[in-house]
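This report refers to the structure that appears directly beneath it.
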Amino acid sequence: MTMAISSALPSPLLLAASLLLLIVQAQGITRHYEFNVQMANATRLCNTKSMVTVNGQCPGPELVAREGDRVVIRVTNNVAHNISLHWHGVRQVRTGWADGPAYITQCPIQTGQSYVYNFTVAGQRGTLWWHAHISWLRATVYGALVILPKLGVPYPFPAPHKEVPVIFGEWWNADTEEVVNQAVQTGGGPNVSDAFTINGLPGPLYNCSAQDTFKLKVKPGKTYMLRLINAALNEELFFAVANHTLTVVEVDAVYVKPFTVDTLVISPGQTTNVLLTAKPYYPGANFYMSAAPYSTARPGTFGNTTVAGILEYENPAMSPSAASFVKGLPLFKPTLPQLNDTDFVTNFTDKLRSLATPEYPAAVPQSVDKRFFFTVGLGTLPCPANMTCQGPNNTQMAASMNNVSFVLPARALLQSHFTGLSSGVYAPDFPVAPLSPFNYTGTPPNNTNVKTGTKLLVLRYNTSVELVMQDTSILGIESHPLHLHGFNFFVIGQGFGNYDAVNDPAKFNLVDPVERNTVGVPAGGWVAIRFLADNPGVWFMHCHLEAHTTWGLRMAWLVLDGSHPNQKLLPPPSDLPKC
């Protein structure tokens, strides 16, 4: 009897192994990646150029981790440009040194040098992405960052048959560094891209690109999760798959209440996970997966073309060795909204709601310690002496928040703060509201000039913040996708016209607002967000339209250390790059 009982019990070794597995599942593992920044040749639109890449790829390598994992990426710079990489949407709690924006949290990695980005993905799961965060190098230096749920934790929706990253980008035949440098030197707008891309490929609607087409092969009746990422530099995009619906289940790595659409909109910096269920039968046709710009800007300042991939079905009647693409099949195209269809965009964004369940609560700050009001928009700077500028009335194009056009410092802000050597680097006096209020969405003022400076807004640790961002009509109303580093925030309200501080707060959603890291400030309108400043460090906030960021539509928050050890910024790593 004793022998029978003992043989039925697990051995001490098996118990120890099981316990270790449980600990690993709870705490995560460490995942190591090597990123070599190098030049590589690529041919698109019958044009070959040498461009900056990671590991010779564009898009770059897909990073995969699980919630709770530590991610260690060694980045070695083998190109003539300085480089820095940002892990877009990763909270970086107390690890701001790994956030990546050049001259904000680090000096860039110089030619021949390396830097190790070391961070833990805590309390996050879903689709994020990574990209270069200096000049316009993210045009070719970007990739997916997929955070899977912890082992044993299911999705809050039926598990898909397959998951597929779909990354939207832009292609310039020219060198993008020359494009931005020319714009800065002339004071005008940059030349628009020559094509949009899906996973680096322009697709059949562009000249010389039929062979450079992304194709997604599906099985009848199966459900696929598309991890959509807008890595385009300057364009918000509509996306649809002909004759198919898309069920939105996540944005910016946060689950949402599922809803089904024919078409969606996604801004630069944003991610959206959608479920696509293939037809239950072989349809005998192929279907375009198309994206085209949503723009409220003046004509000529954006690329108005369409990128397409192809959704094709496996034919059960064909052998697996048969050609994957059957020529001669009907090819259906989706109908996308008009390029300036703001009503469509508003209706789509209004559908976004957090799950707000016990498993995935919406921790919206119910009380507010600090309220801020930022104007967001374009403007001008005087043309330097002995120059002719291409901005309005011989000015330089500029952009600002609260009329401050942000100037990048020569020394990283986070390092300056941490060492206490901030004098001459930045001023902690970013205006909490416009210094000269005006009719923000009415007749533009005659004076379109902005001020310049490197100003930070200082917050005590754990401050609950409410921020209203107001678009302005200076040089024309325009949608601005604003990205906040270091935090997620809740989008509690939005509207058109001038924000009404008396009546609009009554309409705020404090129950299940969508939680994200990048939000569009509506053209000619406003958006209100709330977040808890529980992450010490210096955190960049900027428009994710790269042209606007270059013109100065950016600022930074400085969140001070809390009183407890786990509320303080960790010291910098020993290999932190020097300026």
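Just so it is clear, glycine is given a Cβ too, placed from its N, Cα and C backbone atoms.
Here is what Swiss-Prot records for this protein:
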type: SIGNAL; residues: 1-28; note: signal peptide
type: CARBOHYD; residues: Asn41; note: N-linked glycosylation site
type: BINDING; residues: His88, His131, His544; note: Cu cation 2 binding site
type: CARBOHYD; residues: Asn118; note: N-linked glycosylation site
type: DOMAIN; residues: 162-316; note: domain 'Plastocyanin-like 2'
type: CARBOHYD; residues: Asn191; note: N-linked glycosylation site
type: CARBOHYD; residues: Asn207; note: N-linked glycosylation site
type: CARBOHYD; residues: Asn243; note: N-linked glycosylation site
type: CARBOHYD; residues: Asn340; note: N-linked glycosylation site
type: CARBOHYD; residues: Asn347; note: N-linked glycosylation site
type: CARBOHYD; residues: Asn386; note: N-linked glycosylation site
type: CARBOHYD; residues: Asn393; note: N-linked glycosylation site
type: CARBOHYD; residues: Asn403; note: N-linked glycosylation site
type: CARBOHYD; residues: Asn439; note: N-linked glycosylation site
type: CARBOHYD; residues: Asn446; note: N-linked glycosylation site
type: BINDING; residues: His480, Cys543, His548; note: Cu cation 4 binding site
Work out how many Å separate Asn340 (N-linked glycosylation site) and His480 (Cu cation 4 binding site) at their Cα atoms, rounded off. 14
Write out the long-range same-chain contacts of Asn403 (N-linked glycosylation site), meaning residues 6 or more apart in sequence whose Cβ is under 8 Å from its Cβ. Thr375, Gly379, Pro431, Pro434, Leu435, Ser436, Val450, Lys451
Shortest C-alpha distance to Asn191 (N-linked glycosylation site) - which of the binding-site residues His131, Cys543, His548: His548
Overall pLDDT of the domain 'Plastocyanin-like 2' (162-316), taken as the mean: 96
Take the mean position of the Cβ atoms of His480, Cys543, His548, the recorded Cu cation 4 site. Which other residues of that chain put their Cβ within 8 Å of it? Val376, Ala399, Glu478, Pro481, Leu482, Val521, His542, His544, Leu545, Thr549, Leu553
Taking 8 Å from the centroid of the Cβ atoms of His88, His131, His544 as the cut-off, which other residues in that chain fall inside it around the Cu cation 2 site? His86, Trp129, His133, Arg138, Tyr142, Ala231, Pro268, Gly269, His483, Thr518
Which has the fewest other Cβ atoms within 10 Å: Asn41, Asn386, Asn439, the glycosylation sites listed? Asn386
Three-class DSSP secondary structure - Asn347 (N-linked glycosylation site): helix
Could you tell me the C-alpha distance between His544 (Cu cation 2 binding site) and Asn118 (N-linked glycosylation site) in angstrom, no decimals? 24
If you draw a 10 Å sphere on the Cβ of Asn243 (N-linked glycosylation site), how many other Cβ atoms land inside? 15
Could you round the CA separation between His88 (Cu cation 2 binding site) and Asn243 (N-linked glycosylation site) to a whole angstrom and send it over? 32
Just to verify: the residue among Asn118, Asn191, Asn207, Asn347, Asn393 with the fewest other Cβ atoms within 10 Å, which of the glycosylation sites is it? Asn393
Show me the subset of Asn207, Asn347, Asn393, Asn446, Cys543 whose Cα is within 10 Å of Asn118 (N-linked glycosylation site); these are the recorded positions I mean. none
Residues near His480 (Cu cation 4 binding site) by Cβ (under 8 Å) yet at least 6 apart in sequence within the same chain, in sequence order, are Val376, Gly377, Met469, Asp471, Gly520, Val521, Cys543, Leu545, His548, Leu553
